[in-house]
Amino acid sequence: MTAVALSALAMSLIVAARYALSSGAFAYATHRVRPRLYAGLDEQIRREIGWSLASAAIYGIPAGIVAWGWQNRGWTQIYTDFADYPLWYLPVSLLAFLFVHDTWFYWTHRLFHRPSWFRLAHSVHHASRPPTAWAAMSFHPIEALSGAVVIPALVFLVPIQVAMLGLVLAIMTVMGVTNHMGWEMFPRAIVHSRLGDWLITASHHQRHHDEYRCNYGLYFRMWDRLCGTDRGIASPPA
Ligand SMILES: [Zn+2]
Ligand SMILES: [Zn+2]
């Protein structure tokens, strides 16, 4: 029991450190390329950091329990030997994780925009106007819990090589921060391309924060397009 609790605590600290380093790095980059972008937002940034650290604690609990079970009880379908599955399966598993996470996020996000759920939880995330790089994990605990269970549940269902799992978490972290930082870091050649029509970057998610009832997706625009909630990207990326 103590070992499980320690694993959960350690994971919460790791998630908090990951948040501080990634949001801190992109906040610093923002300071370099758009020196005045976060001017006057000190109070908001303090709240974003507070909610994000609470979310980090929540994210760490299921992740820490599952990590303990993986190491000590043979839980999960995480594998370390590349020879366990064919090499073509590596990108397939990566895309499968991103796709399922995106699907879960899209539909729970739609739910969180229902008036009662919005008042109860999601208003915390939208209190950032405009969001900053520190808003990456700025969620009410109820919403944080809905996000925290996805990857720990998926590793039981879909086999994934541990390095690919690391890549999933890296993509999740970087996109979570950069989609909120208030400027587009990807080149126009990508954002305004056939591929860009299906990917979510800052230009797309910013519009969700500006207009609320559109652009609900996480990584891909597929669900937004299928469900008629895609309003395209905000004014030309600066
Ligand atoms: Zn957001
Ligand atoms: Zn929202």
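Even glycines carry a Cβ here, placed using N, Cα and C.
Whatever TrEMBL says is automated annotation, not expert-curated.
Pulled from TrEMBL, these are the features on record:
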- 95-229: domain 'Fatty acid hydroxylase' (DOMAIN)
- 1-27: signal peptide (SIGNAL)
- 51-70: transmembrane segment (TRANSMEM)
- 82-107: transmembrane segment (TRANSMEM)
- 149-178: transmembrane segment (TRANSMEM)
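The domain 'Fatty acid hydroxylase' (95-229) scores a mean pLDDT of 97 in the predicted structure. Residue counts for the domain 'Fatty acid hydroxylase' (95-229) under DSSP, helix first, then strand, then coil, are 90 helix, 4 strand, 41 coil.
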